[in-house]
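So the structure is just underneath, and the comments pick up after that.
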Amino acid sequence: MSKSLQAIRGMNDILPAQTPVWRYLETTFAQLLDSYGYSEIRLPILEFTDLFARGIGEGTDVVDKEMYTFLDRNEESLTLRPEGTAGCVRAVLEHGMTGGGQVQKLWYAGPMFRYEKPQKGRYRQFHQIGVEVFNQPGPDIDAELIVLTARLWKKLGMSDAVTLQLNSLGSSEARATYRDALVSYLQQHFDQLDEDSQRRLTTNPLRILDSKNDQTQSLLADAPTLHDYLDDESRAHFDGLKRRLDAAGIAFEINPKLVRGLDYYGRTVFEWVTDKLGSQGTVCAGGRYDGLVSQFGGKPTPGVGFAMGIERLVLLMETLELVPEELNLPAHAFICAFGEAAELAALGLAERLRDALPGLRLLVNAGGGSFKSQFKKADKSGALFALILGDDELAGRVVGCKPLRDDSEQQSIAWDALPERLAACLA
Ligand code: ATP
Ligand code: MG
């Protein structure tokens, strides 16, 4: 096939074999968030480029290297959203949803776009489910976000496969002081830093902490740690969070090098990671961003949130064989009809059955065909029963009901009795 007729690298089709597990994850998550009192918000996929440049921050990988940015026909610079938080903050500000200290507990789901090197668990179009809470400054809500994700892992059966990593980034003042200390330490060893880290020393030095380079990591062993620079309030906030997680029985590891890729985080940051997916092991990541709303010109408004990567969760479900079998249920019945009169009757009968039995999965043959070919289709469809309708059945207002998954005999069932008989196999 010519290249222009293929999907763009890193942008995947999600085929019918996979959509059931996607839907399962999405509905499980939506129900869970309902039960915690969070509301869904739906946001545009395109925003002005400036929103991300200002919100995520110049000097971050996302803004500098990963955005899909283009001019529209009106010469405005637009960007396919690389994440959800900036757009969500824009929306709550634009609609006055956080004024007067109003609390907002929101969630969204949808595709995000980043120009990254595609590999297992890392794509150019990927999907996130995200949660954002506004005007809740305390560690209690940070704990709630973590507790609800822990409940999700439990529901999905993957609690044993994920661990929680936690850190505090302190106040922006504390971070600035720490940044200076880190930079002056690393400058003494500039030549030993990998190339990316050398660049980050001026653009975004905290990101050097999660460099994948071994030599850089060994330099960092003796570097000053952020924890020693935490301000008292951030320390108290962090202690409050840890106490709540202990009380909820949620285990965590403190990872002093956890800094997150986006600029707007302060105080709490966390990641849920797994060792089952190779190097793309973070399935959920988030933290507090109390400074972001005012960065966009709003009144100072505390914010905290997280996003999880659906592709990575799907991969994890598949790897751990957690995909529930009942996601791929076969049809209950397949109607075979022979001749135009029977076809017309089949259409009405099928609709009456669907009215009577809302949970019914019913297929109706299309395209005519001999008895043999329709019966073969019914069998191949995986349906439990073939319902057979020819001239004789039509005259008697009955169908022939042939069980397809065992050897039992075909029975003749009156149309009127059919809903009740099928209801028995729905139960
Ligand atoms: P990573 O360190 O893996 O690049 P990140 O810090 O860039 O992640 P976030 O921006 O916090 O990730 O996004 C939250 C979650 O979204 C990640 O933990 C991951 O599960 C998922 N995610 C991020 N980028 C991708 C991608 N390119 N493909 C698939 N999933 C992704
Ligand atoms: Mg990334």
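If you go along the chain as it appears here, the first residue is 1 and each next one adds 1.
Backbone N, Cα and C atoms are what each Cβ position is placed from, and that goes for glycine too.
Please treat TrEMBL annotations as automatic predictions, because they have not gone through curation.
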Check: Per TrEMBL, which one of Arg73, Arg114, Arg244 shares the L-histidine site with Glu83, Gly84, Thr85, Gln128, Glu132, Arg260, Tyr264, Tyr265?
Finding: Arg114
Note to self: Please give me the CB contact count at 10 A for Thr85 (L-histidine binding site), counting all chains in the structure.
What the structure shows: 26
Notebook entry, point to check: Which of the listed binding-site residues (Arg260, Tyr265) has the least company, meaning the fewest other Cβ atoms within 10 Å of its Cβ?
Noted result: Arg260
Check: Over all shown protein chains, what is the count of other CB atoms within 10 A of the CB belonging to Glu83 (L-histidine binding site)?
Finding: 20
